[in-house]
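Working notes for the structure below.
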Amino acid sequence: MITIDGNGAVASVAFRTSEVIAIYPITPSSTMAEQADAWAGNGLKNVWGDTPRVVEMQSEAGAIATVHGALQTGALSTSFTSSQGLLLMIPTLYKLAGELTPFVLHVAARTVATHALSIFGDHSDVMAVRQTGCAMLCAANVQEAQDFALISQIATLKSRVPFIHFFDGFRTSHEINKIVPLADDTILDLMPQVEIDAHRARALNPEHPVIRGTSANPDTYFQSREATNPWYNAVYDHVEQAMNDFSAATGRQYQPFEYYGHPQAERVIILMGSAIGTCEEVVDELLTRGEKVGVLKVRLYRPFSAKHLLQALPGSVRSVAVLDRTKEPGAQAEPLYLDVMTALAEAFNNGERETLPRVIGGRYGLSSKEFGPDCVLAVFAELNAAKPKARFTVGIYDDVTNLSLPLPENTLPNSAKLEALFYGLGSDGSVSATKNNIKIIGNSTPWYAQGYFVYDSKKAGGLTVSHLRVSEQPIRSAYLISQADFVGCHQLQFIDKYQMAERLKPGGIFLLNTPYSADEVWSRLPQEVQAVLNQKKARFYVINAAKIARECGLAARINTVMQMAFFHLTQILPGDSALAELQGAIAKSYSSKGQDLVERNWQALALARESVEEVPLQPVNPHSANRPPVVSDAAPDFVKTVTAAMLAGLGDALPVSALPPDGTWPMGTTRWEKRNIAEEIPIWKEELCTQCNHCVAACPHSAIRAKVVPPEAMENAPASLHSLDVKSRDMRGQKYVLQVAPEDCTGCNLCVEVCPAKDRQNPEIKAINMMSRLEHVEEEKINYDFFLNLPEIDRSKLERIDIRTSQLITPLFEYSGACSGCGETPYIKLLTQLYGDRMLIANATGCSSIYGGNLPSTPYTTDANGRGPAWANSLFEDNAEFGLGFRLTVDQHRVRVLRLLDQFADKIPAELLTALKSDATPEVRREQVAALRQQLNDVAEAHELLRDADALVEKSIWLIGGDGWAYDIGFGGLDHVLSLTENVNILVLDTQCYSNTGGQASKATPLGAVTKFGEHGKRKARKDLGVSMMMYGHVYVAQISLGAQLNQTVKAIQEAEAYPGPSLIIAYSPCEEHGYDLALSHDQMRQLTATGFWPLYRFDPRRADEGKLPLALDSRPPSEAPEETLLHEQRFRRLNSQQPEVAEQLWKDAAADLQKRYDFLAQMAGKAEKSNTD
């Protein structure tokens, strides 16, 4: 047996039964594609002895089209997708079904974006394609996901009907469980060679040509559609036979419809997907209580066989609940319910049933909403009611339409040998550690191990909760652990926020990672936690994992330490056995990164065993603090009730009435979150400061702020809040203040690294230095609160805007959930400092939409006048077109308001009317609009003009997204929008990979970089988006890098915004996926520009009107070879260690390519210069 997750299990079968695989990343299906690509890169073979060809496409539409072409020419082909990706495939799925083309698409089912995007699991995507004509087979767990991947492949070849094999996103795709793997011989024996040969014989071939894809007319189209009926009528039998053949080969028997429960059941639940295992557990328990209940598992959903459904349903049943994991607003009911109801009604009408059971329908589990035993008990209880609800929801509290069922207490006995919860911080290694623990237990013991991981959409820095179960029996529990034998808190700050000890079983183990020793930690715990630990009679332990990790050179990665502590305390494996297994796992995971890293992790294991301390339980200390409120009392009511509950992990309990129905949320809620995740924060040493504001500009989270204020504003300042006389001539007589937001800083250290001011006696000391947050937080909180209330600078009064002055303007993008050290967010922050009070932002899906609009807290905020960026996200693929709609509307509204001005011209002073129709700065225009409103306030007929007069204030339209959007999936729209003459500004945050989905290659990925979907190094040069858009001639194009030239960045943004047409800014954005310490990113950015890797330029068509060449090249010719600089990044180093000979050639190719690109730019700029690297 093997321990594996659902995606891995499916990918293994799909890879071995395919010849061509077209891929594109989308959560939660991406890892299937990643593994297929990696296996192909390593030369692994399919069951026929060939290595499948794996190709990444620009979108899911491209992937399915490639599959279509491969199938039409005789290949066995597949792809993997989810959610919006599946929807992009719909037109081609219709074609595949209409052409009776055998093929399997593997889908990790996920929520489709509606009022909000959600990466989590339900059936809304697969239900949106049920009309395409594809057969649909649903797996309920990891074992089924693997097995059905093969059964669907057999059935599609037998039936010629394309199959969608789906399973629940995250709950199955990412659940780790112990399964029986399929051997190559078994797969090969089961694959129907006769049908494979027939598929190949139908291939398009000029040796025996045919025509497909014709355009039909009314005389024959209808008949042709009906001609496929026999093939669909035969699908059920093909699937059943494939399942029987599979059983004969493996011993695992499945049926398209399968009943589980009492043979004379009176109450039955019908559903499909991962919730089946939970229902089976409840059925088992209720059977022991003498109740006649059961569950009917739907596996083959399309074609839907009413005959076989009714054969599987006990004739004794008197009430049925059909559960759908989707919502179809406006429909009579959800899809599975309607199918079941139709089957029963037709059977009754045809005389095949004498009576009809009562059938009720419910929705559950949307967006991975928890569906546990209590939900199943509630449904069975409703089936017993005299008048059950015909339509209901379960798992939420609906106080608006009152559809929800009350949830009883979960009374199921627990048979697990061990249940454990691990609370970690995204990027601290907790999830990876738990995955290793599960695999160690599963692979080295006869026990079954299950792992599931709960996290939000933050890339890093968010809460992660890992669930681990160990049992002597196969684990069916597809729900979260509510009471655990072991709870590990990997971050001290969580003690104040989350109810963790409350989830401990009586006598359970509570392990806390803390800098405080066993002697001092008790008084540091909130009184509530002390009381719970006493109540549970917990065994309480502490370890200073962060200290051990630092001592072993592992930075913030505490996973190795916490893994060893878990095994040491639970003794689920004997101590020496656990140590040996962990050492082996470390060697396997890190050997490619060098033996030194392996040995440092081994050292951490040894120290961890020695460092765990037990803390005796003590009475509640009356001098200890209470758990602080989740948000400040000063927060708005909505934040205190709704946002606070979500921040505390209690959002599941919020009623329907508490939430906005249309997805509209308040701004600026990150200011109330106060994550406190930094171990160290920057402290200002003012006597060394040059007031350059580089630290403020570099800060990814707007957690360092600078202000220039009148001296009197500092008269009542806290003693620890320092200020300096302003050095700049244009601000003489004022005070300069620099201050950190101590609870919002992520501790990335970037500010310290970019600070140019050093102590002459000790260059290690700078004008800002990292110091312990715990030692400084209380004092700095007081300072920051005072700082925020200091007067703001008036942007319009600044003599010039450069990097120094721009950073005195309060940002309207703050404390986002981006990764620590993120290279994207400083650009967005700068935009809001320059134009935030009049910005409209269309944001493509990706990292920037997640840290920009991920609940429960959002970073875009408003100024003192209530103005700020108005932000919206549509989709990944359509952002350019979406933003164009903003521009067209703004222009149209302005035209209408100007028309209304003319209509009331006789009531407006001539001077004001002329001014309103002339150019003006936004500040002046707002004064004019205020004057207009005052002038027409008593004119009742002018209400429309007064209401909409703000349209006269010019809006700054920005279309923001990453390189995956701009270079790949959204390129067609971006290209079209730029081909127009509309005044839109496009900012591409170029990380050179799909950062949000885990670092897959895009067309922006450079030569030689190793990424997911490019495990053996990019073999071709990156697409030059900037140069290609220059070819239009009328587009402003700039390539910038904040770390390379701060002021060039500011200048390019200002020019782009002022340009009266389309503009494109491509901003180099360091990312964690690049594989180096992002604290050093600005230095790396400078070096990359020096090598020619990222030249800086501004292409301004207006320069041609002045008799100049449009292109201004702002960086010098390459002055050094790129190899040394690129090898600072793991994405380039990996190729050196994997394939040194290939890497050596690619470095030469890269140097030549960079030089050629620079020479082309220099020629365009009239600066034909020779490289300094020759």
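Placed from the backbone N, Cα and C atoms, the Cβ positions cover glycine too.
Swiss-Prot has this to say about the protein:
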DOMAIN    680-709  domain '4Fe-4S ferredoxin-type 1'
BINDING   C689, C692, C695, C755  [4Fe-4S] cluster 1 binding site
BINDING   C699, C745, C748, C751  [4Fe-4S] cluster 2 binding site
DOMAIN    736-765  domain '4Fe-4S ferredoxin-type 2'
BINDING   C819, C822, C847, C1071  [4Fe-4S] cluster 3 binding site
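Looking at the domain '4Fe-4S ferredoxin-type 2' (736-765) alone, the prediction's average pLDDT is 97.
For the domain '4Fe-4S ferredoxin-type 1' (680-709), the DSSP counts in helix, strand and coil order read 8 helix, 11 strand, 11 coil. The Cα atom of C751 ([4Fe-4S] cluster 2 binding site) lies nearest to that of C695, taking the binding-site residues C692, C695, C819, C847 as the candidates. The helix, strand and coil residue counts that DSSP assigns across the domain '4Fe-4S ferredoxin-type 2' (736-765) are 5 helix, 6 strand, 19 coil. Only residues 6 or more beyond the boundaries of the domain '4Fe-4S ferredoxin-type 2' (736-765), in the same chain, are considered here, and those with a CB under 8 A from a CB of the stretch are 461, 670-671, 673-686, 688-692, 694-696, 698-709, 714, 721-727, 773, 776-777, 780-781, 783-784, 787, 790, 814-815, 820-821, 1043, 1078-1083. Checking each of the binding-site residues (C689, C692, C755, C819, C822, C847) against C699 ([4Fe-4S] cluster 2 binding site), the C-alpha distance stays within 10 Å for C822. In the three-state DSSP assignment, the secondary structure recorded for C847 ([4Fe-4S] cluster 3 binding site) is helix. Distance between Cα atoms for C755 ([4Fe-4S] cluster 1 binding site) and C745 ([4Fe-4S] cluster 2 binding site): 17 Å, as a whole number. Neighbour counts of Cβ atoms within 10 Å were compared for the binding-site residues C699, C748, C822, and the top value is held by C822. Highlighted in sequence order, T690, Q691, N693, H694, L738, C751, V754, P756, A757, K766, A767, I768 have their Cβ within 8 Å of the centre of the Cβ atoms of C689, C692, C695, C755, the residues recorded for [4Fe-4S] cluster 1, and are not part of that set. Note: the Cα of C695 ([4Fe-4S] cluster 1 binding site) and the Cα of C819 ([4Fe-4S] cluster 3 binding site) are spaced 17 Å from each other.
Its own atom aside, the Cβ of C1071 ([4Fe-4S] cluster 3 binding site) has 24 Cβ atoms within 10 angstroms in the protein chains shown.
For the pair formed by C819 ([4Fe-4S] cluster 3 binding site) and C689 ([4Fe-4S] cluster 1 binding site), distance between Cα atoms is given as 27 Å, rounded to the nearest Å. The local packing around C847 ([4Fe-4S] cluster 3 binding site), expressed as other Cβ atoms within 10 Å of its Cβ over all shown chains, amounts to 28. Distance noted between the C-alpha atoms of C822 ([4Fe-4S] cluster 3 binding site) and C748 ([4Fe-4S] cluster 2 binding site) is 9 Å. In this structure, the C-alpha atom of C745 ([4Fe-4S] cluster 2 binding site) lies 20 angstrom from that of C689 ([4Fe-4S] cluster 1 binding site). Using CA atoms as reference points, the binding-site residues C748, C847, C1071 were checked against C689 ([4Fe-4S] cluster 1 binding site), and the closest is C748. On a Cα basis, C692 ([4Fe-4S] cluster 1 binding site) lies 20 Å away from C748 ([4Fe-4S] cluster 2 binding site). Counting in whole angstrom, C847 ([4Fe-4S] cluster 3 binding site) lies 29 from C692 ([4Fe-4S] cluster 1 binding site) by their C-alpha atoms.
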